[in-house]
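If you check Swiss-Prot, you get these features:
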DISULFID  C46-C60  disulfide bond
DISULFID  C76-C156  disulfide bond
BINDING   W102, W165, E203  NAD(+) binding site
BINDING   W102  nicotinamide binding site
DISULFID  C137-C150  disulfide bond
DISULFID  C231-C252  disulfide bond
DISULFID  C264-C273  disulfide bond
LIPID     S286  GPI-anchor amidated serine
Amino acid sequence: MAVQGGLLSLWLWLWLSLLTVLLGARARWRGEGTTPHLQSIFLGRCAEYTTLLSLGNKNCTAIWEAFKGVLDKDPCSVLPSDYDLFINLSRHPIPRDKSLFWENNHLLVMSYGENTRRLVALCDVLYGKVGDFLSWCRQENASGLDYQSCPTSEDCENNAVDSYWKSASMQYSRDSSGVINVMLNGSEPKGAYPTRGFFADFEIPYLQKDKVTRIEIWVMHDVGGPNVESCGEGSVKILEDRLEALGFQHSCINDYRPVKFLMCVDHSTHPDCIMNSASASMRRESASLHAIGDASLLISLLVALASSSQA
């Protein structure tokens, strides 16, 4: 009995020890941990961007030093204002009519913008590029970065990554001018325009009305749907009414054709894309008919000239 009791106690001790280890290994926060090699990625992106866009007046090392100050702060005590120096050192002009705001279609926006060749989204300006798709935060009760998890808005409002994007969004809006393009996802189940989100809370309020000509909304639907919302419907109507109340000239287009063409590149035979292909075929056939007609006319003229010369 004593042996059995000892084995039971040992088993219980091992079980409790394992449980303690497992609980200790659980992530503290809901978000991804700090991206490995954060500094190297940051500096590499900065160097590439400033070289390609000829921003020779930017000091990437100084920009990193300004950014990394937040890495010494409690992970739930980082404010947008903590990025002020970083923003001031990294900001640069955005070409007029080239700003592209968005919600729920990050990758499509990146593809269409094509590294600032067509349009310039927030992730295409220097202060957005260096942090895009990255995560960072300090450990909660210790120095050093937390590579296991970082807080999201569900954990605390003033987390390092959300505060970064809030600060960047506000500056991006202030620097935008002319025609403002907005790409929304009309297939998003929760609605194309989140009434609480970065665009609604940290971009629209900071647009400079005297610098904005008009706002053009593109409601894009996934190839194959679903078509949850379109212009004048649901949350899109809420956005249109808000812009109207703020005094902005605005328009709305469902499935803006240049973007839709890009979406159809990988779905050329899908029914949603067939009309585009058919239109192109019709244009090709029309061009061929014109060419045939021109050739026939030329032959007729040559025959007529030959006949008149023989006469």
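Every residue, even glycine, has its Cβ placed from backbone N, Cα and C.
A map of Swiss-Prot features onto the structure.
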| residue | record | CB count, 10 Å |
| --- | --- | --- |
| C46 | disulfide bond | 23 |
| C60 | disulfide bond | 21 |
| C76 | disulfide bond | 15 |
| W102 | NAD(+) binding site | 24 |
| C150 | disulfide bond | 26 |
| C156 | disulfide bond | 15 |
| E203 | NAD(+) binding site | 25 |
| C231 | disulfide bond | 19 |
| C252 | disulfide bond | 21 |
| C273 | disulfide bond | 19 |
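The Cβ centroid of W102, W165, E203 marks the NAD(+) site; residues of that chain outside this set whose Cβ lies within 8 Å of it are F101, E103, L122, S169, Y172, G197, F198, F199, F202, given in sequence order. If you compare Cα positions, C137 (disulfide bond) sits closest to C60 out of the recorded positions C60, W102, E203, C231, C264. Most buried of the disulfide-bonded residues C137, C264, judged by other Cβ atoms within 10 Å, is C137. Distance noted between the C-alpha atoms of C264 (disulfide bond) and W165 (NAD(+) binding site) is 31 Å.
Ranking the disulfide-bonded residues C46, C76, C231 by the distance of their Cα atoms from the Cα of C150 (disulfide bond) places C76 first. Take the CB of W165 (NAD(+) binding site) and look out to 10 A: across all protein chains shown you find 19 other CB atoms. Closest in space to C46 (disulfide bond), of the recorded positions given as C76, W102, W165, E203, C252, is W165, taking the CA atom of each residue. In this structure, the CA atom of E203 (NAD(+) binding site) is 20 Å away from the CA atom of C231 (disulfide bond). Reported as a whole number, the C-alpha separation between C273 (disulfide bond) and C156 (disulfide bond) equals 43 Å. Checking the recorded positions (C60, C76, C156, W165) against C252 (disulfide bond) with a 10 Å Cα-Cα cut-off leaves nothing. Recorded residues C76 (disulfide bond) and C60 (disulfide bond) have their alpha carbons 27 Å apart, per Cα-Cα distance. Nearest neighbour of C60 (disulfide bond) by Cα distance, taken over the recorded positions W102, C156, W165, C231: W165. For the recorded site, W165 (NAD(+) binding site), the DSSP three-state label reads helix.
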